[in-house]
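*Asks:* Below you'll find the structure I mean.
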Amino acid sequence: MKKTAIALLAWFVSSASLAATPWQKITHPVPGAAQSIGSFANGCIIGADTLPVQSDNYQVMRTDQRRYFGHPDLVMFIQRLSHQAQQRGLGTVLIGDMGMPAGGRFNGGHASHQTGLDVDIFLQLPKTRWSQAQLLRPQALDLVSRDGKHVVPSRWSSDIASLIKLAAQDNDVTRIFVNPAIKQQLCLDAGSDRGWLRKVRPWFQHRAHMHVRLRCPADSLECEDQPLPPPGDGCGAELQSWFEPPKPGTTKPEKKTPPPLPPSCQALLDEHVL
């Protein structure tokens, strides 16, 4: 468990030690009507909103990294979700990375989060608000066992399941990425109300947080949506395949060269980065 905790901490701070990308040189949102451009893993945003860091319902972690920008739809989703969580007595929602002022590629830690439509939310719901020191150096709570096959019972709670369900039931949300073991536990706990599980997708890591993705806004004409998740609750063979050992000869995919930016994003960089 100690090694896992160290790995999680390294994941959350890794970006601080890497070389900056051109997008990090843009320190304020680009003026204009809100437009998410390109794909979640290759895009940018014009007219991003700033998530207010002061709220009774949520707290923003690592504000020194300045990753609390997003499309107005994302800001409203966070406010909506955290209000619902407070109404139900779940606790304070802890907000992690959203995007940079103009979106674009991070220097580490994320492949997506580029169009202002993604947010990481800790799977912790403290009843006592965190101090500024805790928020600047958050301690991730690993919910998954060392073998990756199930959640840790002492760390899992119905409140966490309720938070994920609330997010999945939001009409603007298209996908929520969690660790396969977390998805498995949600499948076990869901009962007969299972429609929302379709949006909850198993993915690597994501042992302590959920990654919520919104659909492209209707007026963002250059935004590229993903196909909808497959029909059904996703609790069958697809989920179980995540727990099977790798097939013989399986190797890690080679790191790909980033594709060219959408023309509108390249033009934005050319105009705002010297």
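One is the number of the first residue shown, and numbering goes on along the chain from there.
Using the three backbone atoms N, Cα and C, a Cβ is placed for every residue, glycine included.
Residues annotated as Zn(2+) 1 binding site in Swiss-Prot: His110, His113, Asp120, His211. Feature annotation from Swiss-Prot assigns Zn(2+) 2 binding site to Asp147, His150; the stated evidence is sequence analysis. According to Swiss-Prot, the disulfide bond annotation covers Cys44-Cys265, Cys187-Cys235, Cys216-Cys223. Look at Swiss-Prot and you will find 225-274 tagged as region 'Disordered'. According to Swiss-Prot, the signal peptide annotation covers 1-19.
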*Asks:* Measuring Cα to Cα, how far is Cys265 (disulfide bond) from Asp147 (Zn(2+) 2 binding site) in Å?
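*Replies:* Between the Cα atoms of Cys265 (disulfide bond) and Asp147 (Zn(2+) 2 binding site), the distance comes to 41 Å.
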*Asks:* Determine the most Cβ-crowded residue among the disulfide-bonded residues Cys187, Cys223, using a 10 Å radius around each Cβ and all protein chains in the structure.
*Replies:* Cys223
*Asks:* DSSP on the region 'Disordered' (225-274): how many residues come out helix, how many strand, how many coil?
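*Replies:* DSSP composition of the region 'Disordered' (225-274): 15 helix, 0 strand, 35 coil.
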*Asks:* If you measure from the C-alpha of His113 (Zn(2+) 1 binding site), which of the disulfide-bonded residues Cys44, Cys223, Cys235 fall inside 10 Å?
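*Replies:* The disulfide-bonded residues passing the 10 Å Cα test are Cys44.
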*Asks:* Of the recorded positions Cys44, Asp147, Cys187, Cys235, which one sits closest to Asp120 (Zn(2+) 1 binding site) when you measure Cα to Cα?
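*Replies:* Smallest Cα separation from Asp120 (Zn(2+) 1 binding site) among Cys44, Asp147, Cys187, Cys235: Cys44.
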*Asks:* Please state whether DSSP places Cys187 (disulfide bond) in a helix, a strand or coil.
*Replies:* helix
